[in-house]
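Enquirer: Handing you this structure, nothing more for now.
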Amino acid sequence: MVRAKRTKRASVTDIYRGCKAAGTCPPDVINKVEHTTIADKILQYGSAGVFFGGLGISTGRGTGGATGYVPLGEGPGVRVGGTPTIVRPGVIPEIIGPTDLIPLDTVRPIDPTAPSIVTGTDSTVDLLPGEIESIAEIHPVPVDNAVVDTPVVTEGRRGSSAILEVADPSPPMRTRVARTQYHNPAFQIISESTPMSGESSLADHIIVFEGSGGQLVGGPRESYTASSENIELQEFPSRYSFEIDEGTPPRTSTPVQRAVQSLSSLRRALYNRRLTEQVAVTDPLFLSRPSRLVQFQFDNPAFEDEVTQIFERDLSTVEEPPDRQFLDVQRLSRPLYTETPQGYVRVSRLGRRATIRTRSGAQVGAQVHFYRDLSTINTEEPIEMQLLGEHSGDSTIVQGPVESSIVDVNIDEPDGLEVGRQETPSVEDVDFNSEDLLLDEGVEDFSGSQLVVGTRRSTNTLTVPRFETPRDTSFYIQDIQGYTVSYPESRQTTDIIFPHPDTPTVVIHINDTSGDYYLHPSLQRKKRKRKYL
């Protein structure tokens, strides 16, 4: 079966051309071609009051106005994340040279008095081109708006040199230097030098010098001192001579107004005198193990319960609680922490007593507010800390070889230096020829000495003072080129090897069904080797 060919339908314009003359055009075709549809009429009436310019919003062509449509994401502007487009002016084509032009002179009028005979002359045409003027335009690269200082050129008369005035690239700016010093109260440098005139022992030193180093010309020094004015110096108070009274810091990170706290439902439930019984507890178990105050039971010390506790008991039996204040307590809430008007921390628990039980099984009892106020933590007296090896007074330098002690010894009384001896021997009992008088009874202490081994006599000696420190180890280096005796300390212990019996590690099983055990081949008795005759 062959499919019939589809005939192309006539357009609206072709139908309008054929039916307009006969007057048989449909209304929709006439409105479409003559632009009399409802949409066209709305635009016609609206354009009388509103002008949209050349936007092209009509039934005309969709050209987008004079500039045309701009696709989304494109345009002459700067794209997001891209390089800005630099707009450069168009380049004018350069003219290499003028074209060959033949100059033509204008026709001059003939003078009537001139002769009628015209002398012929050879006239040549100048076909050579004139001076060629070359014009080349260089378009500068567009730059940012920057201020450029242009030098000023001053020209004088003929024969004089030009003066070039170069201005500064930027005018000098006024600068101001400020210094601020902050003192750290947690760090204080303590000086050990002897305080001089006008110097304090703290970190803030004030040094006052008198002008005594110069020379006075033209008069005695007394006249200068008499005419000068003496300024009485006042002592500035140290920054540690006063105390800063700071306000009381807040007790909580987010303080709550007392009016809002007093209106809370929890506070009304705890401190309602008409509905809640107030009981002050003095037993410390109320803070950690309140269940031990209600009934005798075993508590797990590793478990801290901060939830509501319910105690079940048989009302037919009378049980005495460990604490009389917790009699008939059936329910005890979790701990609540509040603040008293005196500023103490109060631990509260809201409980309910099961005093009466009805026939229906309902238990009736009053609410009880158990509370305990925590005591004040007394502030311990501060302990004055002593600095180790430092002090703020005068420093004392002790030089042993320089200092000497003079001891007045009487020859007649050689034993007078002995401490605790009251009697003085007579001259007859003293042997002046004895060598015991020359003995030095001083005890030498070599606990802090150092042994130096060397043969050079030109070795420089560096004396290092020794200070008392809490550490026991001290390292003294006398000279880099000298000899140093080091005694290394070894703490390696010798491993003790315990003897073990020589038992083979390989066990050989023997298929022996005669017994329920087996012997190692090394434990079996060796058989004697017999010679056969």
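The backbone N, Cα and C atoms fix where each Cβ goes, and this holds for glycine too.
Swiss-Prot lists 1-10, 525-532 with the feature motif 'Nuclear localization signal', giving sequence analysis as the kind of evidence. Among the features that Swiss-Prot reports, disulfide bond is placed at C19-C25.
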Enquirer: Mind checking which of C19, C25 has the fewest other CB atoms within 10 A of its CB? They're the disulfide-bonded residues.
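Expert: Counting other Cβ atoms within 10 Å of each of the disulfide-bonded residues C19, C25, the minimum falls on C19.
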Enquirer: Hey, does DSSP put C25 (disulfide bond) in a helix, a strand, or just coil?
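Expert: DSSP assigns C25 (disulfide bond) to coil.
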Enquirer: Let me spell it out: take the motif 'Nuclear localization signal' (1-10), skip the flanking residues so only those 6+ beyond its ends count, and list any with a Cβ under 8 Å from a Cβ in it.
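Expert: Those are 18, in sequence order.
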Enquirer: Should C19 (disulfide bond) be counted as helix, strand, or coil on the basis of DSSP?
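Expert: C19 (disulfide bond) sits in a helix per DSSP.
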Enquirer: Quick check on the motif 'Nuclear localization signal' (1-10): DSSP residue counts for helix, strand, coil, in that order please.
Expert: 0 helix, 0 strand, 10 coil
Enquirer: For the motif 'Nuclear localization signal' (1-10), what's the mean pLDDT in this predicted model?
Expert: 74
